[in-house]
Structure formats: structure tokens, C-alpha cells
């Protein structure tokens, strides 16, 4: 009798994706983050589902309902903080995953990479709309500022913004539709993630050396299942440490003040994982220019495959490109810091220089260093 694992129509799919999947024998812990994001997504959907059972998407009761969840619902506080900090863990894994893709040349799997960029945009949209739901000061003003950016679009901008708001300002209609979208998007993300895996399994995984590993594959289970479980335990330990010891560390104190359209907070800023993009947005003194730079800061990932000049896929044996990569990481950390600072000297000029450097590294220096390294190999 043949194994049911290999013959059953449904179990066969799982088997070919997680058990008998031929995997390179040398992939490092940097390849853990995909599965960690899968776990984050499941965790977010589950905690979000339980929060939605008690949350009300009405401007008069939204803030109170979140307070009610934390005070009166059994274990509501832990569900709420796991959901809020789970988003942060999700983005940490996301940034590591994208960084890994850039370092090891995974972007040459074009379909997988482009679906990944689409996933990144969708996750960012979901997180933004989720941040609006508690209806605190930063929720309200964050929603106002970010949706207002669309008014920079020539001719249709103002109409578009009012259409998204469902009125002439961020109000009840906006909150209700954001809740609806925030609920549906994670399921769209799940579908995109399945497509992401589908295209990845067409080619097989990349590996740190960047050369074909077809001659040296091992089954995913038990080798990488156990390795993924280790990564999972580390991530859950970090998440629960954050949730149980300092749940508000990454939040904004202003969000504990109910939304008030008549009182603007002194510093409007998004959650930490958007600060790098926010800094790029603010570094351009023109509204439309800033919005374009904001979109390009992520869309620039889409042209990285076209800018790959090196004869080698991975950066493992390319010291010049490695230096540029880590400079890019440092630059992103600088942008994240600047995004949380007030708009005054010297932060303005630091933000502008960091923004220029960000685009310069990806669009100019990386391709040049790849070409230089090709020449160096001839010596």
C-alpha cells in the first residue's frame, strides 16, 4: 500500500510543501523568517478574531471597547498586547526576510520577489488600518495625515481623499471601513503567501553560496522543521517578554488619549516600523514629491533584479557589496531614528542626507560595486 501522505489529494500538497520538499543542505538561520512570518500571520488572525468579538467600530465606543477588552474581558489584555506587539514581530521578521533576499540575491526569482513586494504593501496597509482602530489621538491624526497624502495627486486628489474618508474628515464612516478592510486583508495576505510559496517551489530555495544546490538537497522534514521550531521558540520568547514586561514600549502614549479632532498632538508619528518611510516622506519639502519618494522607497525593491550587475548571485564572496549592504542597514536605522524626531535642525538635514544615501546605495552604488567586483575577479 502506498503511503497516504503521498497519494491523498490534500495531504499530498502539504507533503510536497513541508515534508518531502527538497531543500538546499546549507541554508542558514536567515531562511527561518518566512516560516516565522507564517506563524505571526496565524497568531495575528487568531488574536484579531478574538479582539473583533469585543471591539466596536463606532467613533463613540471604539476607544471604550478597547479599554473594556483590557480591563473586563478574560485575558483580554494579553490578547490585545499580543496582537499589537505581534505586528512588531511580524515587521521585524519581514525586514530580516527582505534583507536576506537582497543580500543573497533571492530577488532573481522574479515572480516570488514581486509577490513578496505586493505582500509587503498589503501588510503595511493592514498595519496602518489596525493602528487607527483603537481611536486614540495618534490613531486619528495618523489616519488624517496619511490619508491626506493622497490629496497631492493632481486633479483627483481631493475627491479621492473624501471618497476614502466617506465624508469631509476622518470620522465614523472612515473607522467602520478601516475595520472592515483590516479584517479582510489578512486573509488576502494568506492567499498571497500561498502564491509566494507556490512560485518559490517552482524554482526551489536559494542558498548562501548563490550557486545551484540541485546536486545536494535534503528533505525539509526533519532537518528544517526542527530548525524552524527553534527559531519559532526564540521569536515567541521575545514576543512574550515584550508583551508581559513592557507591552507599551513600542506604542505611543498619545494613543491612550481618546481621539479629539480639535486638538493636534505635538508630534504626529506612525508606529516604529513605518518611521524609515515617514522620514523619507518628510525629507522632501514638496507634498507630491514626498508622496512619490514614500512609494518609491518600497517600489525601489521591484527594480533590484534589473540592477544586478554581478556575475555572482549572492554577496557571500563580494566584500564591496557587503560593505554597501551594511551601510544601507545603518542608513535605514538612521532614517527610523529621524522619523521619530521633530522637524527641526539638525534632524531635517540628517533625514535628507539619509534619504539621498538610501536611494543612492540601491540605485547607483550597488550596481557599480557589482561591476567592479566582476573586474577584480579577472585579476
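Cβ coordinates come from backbone N, Cα and C, glycine included.
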- transmembrane segment per Swiss-Prot, picked from 8-28, 113-133, is residues 113-133
- Pick from 136-156, 157-177, 178-198: which range has transmembrane segment per Swiss-Prot? 178-198
- Query: Residues of the same chain, at least six outside the transmembrane segment (226-246), with any C-beta under 8 angstroms of its C-beta?
  - Reply: 29, 32-33, 35-36, 39-40, 78, 81-82, 85-86, 88-89, 93
- The number of other Cβ atoms within 10 Å of the Cβ of residue 97 (heme b b566 binding site), counted over all protein chains shown, is 20
- Would you mind reading off the Cα separation of residue 83 (heme b b562 binding site) from residue 196 (heme b b566 binding site), to the nearest angstrom? 24
- Message: I need the least crowded one of these binding-site residues (83, 182, 196, 201), counting other C-beta atoms within 10 angstroms of each C-beta.
- Response: 201
- The recorded stretch from 33-53, 77-98, 178-198, 320-340, 347-367 sharing the largest number of CB pairs under 8 A with the transmembrane segment (113-133) is 178-198
- Here the Cα-Cα span from residue 97 (heme b b566 binding site) to residue 182 (heme b b562 binding site), rounded to a whole number of angstrom, reaches 23
- Query: About how far apart, in whole Å, are the alpha carbons (Cα) of residue 182 (heme b b562 binding site) and residue 196 (heme b b566 binding site)?
  - Reply: 21
